[in-house]
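Each remark here refers to the structure printed beneath this line.
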């Protein structure tokens with residue numbers, strides 16, 4: 001083994017980097033090109049930021065999908081169907097007719 005210059009950083013040692021540059025190709029040869037290519041391409045591990053996927057936009061002429069959707073029925077409310085105002089009036093009438101002494 002050849003002696004390595006101690007002043008060189010470990011990533012700049014001879015033989016630490018491949019002679020050819022990394023590519024975006026995913027063939028077997030390129031996947032095993034170097035350790036970085038192996039982890040990114042062969043194993044699929046990347047620690048960078050995840051890109052946001054854009055939502056697919058519907059073509060402009062496809063407006064029929066909106067028309068074919070059935071309308072939902074109005075929500076059914078539980079409790080007194082007359083509403084809170086009328087129920088208060090009923091309570092007031094009952095208290096007027098039956099005063100508590």
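Indices start at 1 and increase along the chain as displayed.
A Cβ is built for glycine as well, from the same backbone N, Cα and C atoms used for every other residue.
Note that the coordinates shown come from a computational prediction; the quantities given were computed from them, not determined experimentally.
What Swiss-Prot records for 22, 33, 34, 37 is Zn(2+) 1 binding site, and it gives sequence analysis as the kind of evidence. The secondary structure of residue 37 (Zn(2+) 1 binding site), as reduced to three states from DSSP, is helical. In this view, residue 37 (Zn(2+) 1 binding site) is surrounded by 19 other Cβ atoms within 10 Å of its Cβ, with every protein chain counted.
The compositional bias 'Basic and acidic residues' annotation in Swiss-Prot covers 1-12 (among others).
Annotation comment: Swiss-Prot describes 83-101 (among others) as compositional bias 'Basic and acidic residues'.
Under the DSSP three-state reduction, residue 52 (asymmetric dimethylarginine) is assigned to coil, being neither helix nor strand. The asymmetric dimethylarginine annotation in Swiss-Prot covers 52 (among others).
Annotation comment: Swiss-Prot describes 53 (among others) as asymmetric dimethylarginine, evidence class sequence analysis.
The region 'Disordered' feature in Swiss-Prot is assigned to 1-20 (among others).
Under the heading region 'Interaction with human CREBBP', Swiss-Prot lists 1-24. Confidence for the region 'Interaction with human CREBBP' (1-24), expressed as mean pLDDT, is 76.
The region 'Transactivation' annotation in Swiss-Prot covers 1-48 and is backed by sequence analysis.
Sequence annotations record features per position, and here Swiss-Prot assigns region 'Cysteine-rich' to 22-37.
Proximity of distant same-chain residues to the region 'Core' (38-48), defined by a Cβ-Cβ separation under 8 Å and at least 6 residues beyond the stretch ends, is recorded for 26, 30-32. Per Swiss-Prot, the feature region 'Core' maps to 38-48.
According to Swiss-Prot, the feature region 'Disordered' maps to 47-101 (among others).
Sequence annotations record features per position, and here Swiss-Prot assigns region 'Interaction with the host capping enzyme RNGTT' to 49-86.
Ranking the recorded positions 33, 53 by how many Cβ atoms sit within 10 Å of each one's Cβ puts 33 at the top. Each of 18, 23, 30, 32, 35, 36, 38, 41 belongs to the same chain as 22, 33, 34, 37, is absent from that list, and has a C-beta within 8 angstroms of the C-beta centroid marking the Zn(2+) 1 site.
With the fewest other Cβ atoms inside 10 Å of its Cβ, the least crowded of the recorded positions 22, 34, 52 in this structure is 52.
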